[in-house]
Amino acid sequence: MNKITHYFKSLLLLELLGGLWLTLKYTFKPKYTVLYPMEKFPQSPRFRGLHALRRYPNGEERCIACKLCEAVCPALAITIDSAKREDGTRRTTRYDIDLFKCIFCGFCEESCPVDSIVETHILEYHFEKRGENIINKPQLLAIGDRLETEIAERRAADAAFR
């Protein structure tokens, strides 16, 4: 009996007709397409985009060169060099992030004990020349200085979930 049922199903092409019916059904439904450059979806408050380095309110950079972000990065995208200052504290002399390697996982942000490295909401950026994919310390500090108020607001709103 099972062979006869299988024979009639394959003879009538029921699977093919089911697929065609599904296609026909979705042809006349409204589309979910977004015209990207003109229309944009709202971003999540926890969106992880381009990196930034933050400063303290007195202007001193927050990074203490503990190198936890470099150690925890699964893609090995962060490179840090440090040096001791006259007062005995360590500070970074080189802080590079290779955006081609970075997978934007957020581990660097989570591991930072002083909230120095953060991921901003910036989604759209481009590179015109070879080597621009590596963001250095002055560029990261400039991004952080430009977006500090927004970074502080987002971190305060997300503080209950951290």
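Each residue's number is its place along the chain shown, starting with 1.
Quick reminder: no glycine exception, Cβ is built from N, Cα and C everywhere.
When Cβ-Cβ distances below 8 Å are used as the criterion, the domain '4Fe-4S ferredoxin-type 1' (53-83) is approached by residues 89-99, 101-103, 105, 107-118, 137, 140-141, 143-145, 148, 151 of the same chain, each at least six residues removed from its ends. The domain '4Fe-4S ferredoxin-type 1' annotation in Swiss-Prot covers 53-83 and is backed by sequence analysis.
According to Swiss-Prot, the [4Fe-4S] cluster 1 binding site annotation covers Cys63, Cys66, Cys69, Cys112, on the basis of sequence analysis. Sequence-distant contacts of Cys63 ([4Fe-4S] cluster 1 binding site), defined as residues of its own chain at least six apart whose C-beta falls under 8 angstroms from its C-beta, comprise Leu53, Arg91, Thr92, Tyr95, Val114, Ser116, Ile117.
Residues or ranges marked as [4Fe-4S] cluster 2 binding site in Swiss-Prot: Cys73, Cys102, Cys105, Cys108. For Cys73 ([4Fe-4S] cluster 2 binding site), other Cβ atoms within 10 Å of its Cβ number 20.
Remote same-chain partners of the domain '4Fe-4S ferredoxin-type 2' (93-122), defined as residues 6 or more beyond its termini with a Cβ less than 8 Å from a stretch Cβ, comprise 43, 47-54, 61-64, 66, 68-69, 71-83, 133-137, 140, 143-144, 147, 150-151, 154-155. As annotated by Swiss-Prot, domain '4Fe-4S ferredoxin-type 2' applies to 93-122, with the evidence given as sequence analysis.
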Original post:
Near the [4Fe-4S] cluster 2 site, what residues other than Cys73, Cys102, Cys105, Cys108 in the same chain have a C-beta no further than 8 Å from the centroid of the listed C-beta atoms?
Top reply: Cys69, Val72, Pro74, Ala75, Ala77, Ile78, Ile97, Ile103, Phe104, Gly106, Phe107
**OP:** For Cys69 ([4Fe-4S] cluster 1 binding site), write down the residues of its own chain that are at least 6 apart in sequence and whose Cβ falls under 8 Å from its Cβ; none is a fine answer.
**Re:** Ile78, Ile80, Phe107, Cys108, Glu109, Ser111, Cys112, Ile117
Original post:
Where Cys73 ([4Fe-4S] cluster 2 binding site) and Cys66 ([4Fe-4S] cluster 1 binding site) are concerned, what is their Cα separation in Å, rounded?
Top reply: 14
**OP:** Report, in whole Å, the straight Cα-to-Cα distance of Cys66 ([4Fe-4S] cluster 1 binding site) from Cys105 ([4Fe-4S] cluster 2 binding site).
**Re:** 19
Subject >> Extra residues within 8 Å (Cβ to Cβ centroid of Cys63, Cys66, Cys69, Cys112), [4Fe-4S] cluster 1 >> reply: Ile64, Ala65, Lys67, Leu68, Ile80, Cys108, Ser111, Pro113, Val114, Ser116, Ile117
